[in-house]
Amino acid sequence: MRRMSGFNVVSLTFGLAFLYLPMLILVIYSFNSSKLVTVWAGFSTKWYGELLHNEAFLDAALVTLKVGAISSTLATVLGTMAAFLLVRLGRFSGRTLFSGMIYAPLVMPDVITGLSLLLLFIGINMDRGITTIVLAHTTFAMCYVSVVVSSRLSSFDTSLEEAALDLGCTPWSAFRLVTLPIIAPAVISGWLLAFTLSLDDLVIASFTAGPSSTTLPMKIFSAVRLGVSPEINALSTLMIGIVAFGVVIFSIMSKRNTALKLQEERDAVDGRT
Amino acid sequence: MRRLALILIPYLWLIALFLIPFVIVIKISLSDVALARPPYFPQLDLTEGFTGIKAFFSELDFENFTFLTTDDLYWKAYLSSLKIAGISTILTLLIGYPIAYGMASARPEWRATLMMLVILPFWTSFLIRVYSWIGILSQGGLLNTFLLWLGVINEPLTILNTEIAVYIGIVYTYLPFMILPIYANLEKLDGSLLEAAEDLGCSRTSAFWLVTVPLSKSGIIAGCFLVFIPAIGEFVIPSLLGGSQTLMIGKVLYEEFFSNRDWPVASAVAVVLLVILIIPIILFQRNEQKNREASQ
């Protein structure tokens, strides 16, 4: 592909504007002092102040972070194990069923996943609360993690591991010292994906939550059903800000990593000559 | 020993929390509503031994499924979900393709940034992205204010709480899923093929239709399925942007369960929805497999 024609510039500009304008408007209007969406009544940060004093939102945010941290960590461990199963074990009896169970949740509508888990929890008489949301989130997030990790694992050179074993490593320390550092980027992005999915989920959480465990998306959903609210705009701005900050930091770090690697390679070449 | 644990832990986890719940859904979809807690009948009573199991199976029937066919709410909801998902998929393709094309023809040093800009919205909350349209599309919202100011319209349009708002919501939230596979395809496209076509007398437009589009076909198909499949069972978008007359099956299922508390019918709705989804899912997997074989 070559040439950047006028048409391409226009479609890219419009495309990115379409993707970003709605969020930009949300951010701008979170600083509006008027309660009305369309009337700009001057700059104010009062909605942020009100947000910080809204205990219901703070509690929900705490529940969400707790669920997200626990479920994404569990999902990363289970998903990495599942990836090893899929990539390394070759044929074992029940493999088809297993890969089916890994891929099915990726395409399953949230309403069905939520409904089926709720029916299970009721069936075994389990009290609904943070634990049940964690179990639900772990289950669907581990499938995403295993897809991410297994794509990395399948391009992994197993002779590195064999070399470590030949040199006297135990299987566990070979995993810890050789395999894990190499697949670490995939494991980290798996964790981040699992965490985001958990923070984002409304439907599955509404099915599996108990009366005392409202998550932030549930709180936002019940608030916005009544229409636009400046407090939710402020909350959204904070959430967008955190994500943007995280992505910028992440990309700076990975850029620095590549630069460091290039420098090392150059030094190595210089040292040789 | 360790190997066995490695196999068993994720395996048992998925059986307990994915397969068994699913079997329960199927079972309840075959049961009758009961005014008890849990509100369905029969319960499997293992203490009665074989007669209990026999009684359990003899109570199961397809009544809920026949009910789905007699009440036109349900089949209308299935049809309108398919229609809404289909139209939104086409719209997403029409909007996404030019963007992917623009990204692929940008200078290489720009591509990574453009790619990040397309993926970034995916990391922000889905709910917030849908919510952001309420303020834009509502009667006194920004779009109407803007159009009134321009003088294009004389009175505010009703967009929020209609199907049009649902289309906008689906296109907006699923756009990255369409752009990325098409971009991945177009990026690999060999520019010399286009030059050859032009040398052989093709105009640029016909070279696009005869060379570029066919070569990006697998990306187009993948993108379409990635939008179409989740859009069918969508719940958040129709309930926030759609009106009471916007029927989508995800919303019907949610309300059947939480408002009507009819668990057997809700389960039957879920089972039928899955049966409908199986066809596009299988077609999608075929397409992916073909791509994998082609790239090897």
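Even glycines carry a Cβ here, placed using N, Cα and C.
Automatic, uncurated: that is what TrEMBL annotation is.
Of all ranges given (B:134-152, B:229-247), TrEMBL attaches the label transmembrane segment to B:134-152.
Counting same-chain residues at least six beyond the ends of the transmembrane segment (B:206-228), those with a Cβ under 8 angstroms from any Cβ of the stretch are 85-86, 88-89, 92-93, 96-97, 100-101, 170, 174, 177-186, 189, 193-194, 197-198, 280, 283-284, 287-288, 290-291, 294.
When each of B:134-152, B:164-186, B:266-284 is checked for Cβ pairs under 8 Å to the transmembrane segment (B:7-30), B:266-284 comes out on top. Same-chain neighbours of the transmembrane segment (B:77-100): 118, 163, 166-167, 170-171, 174-175, 178-180, 182-183, 186, 219-220, 223-224, 227-228, 231-234, 238, 246-252, 272-273, 276, counting only residues six or more beyond its ends whose CB sits under 8 Å from a CB of the stretch. Within its own chain, the transmembrane segment (B:134-152) is flanked in space by residues 158-160, 165, 168, 240-241, which lie at least six positions past its ends and keep a Cβ under 8 Å from the stretch.
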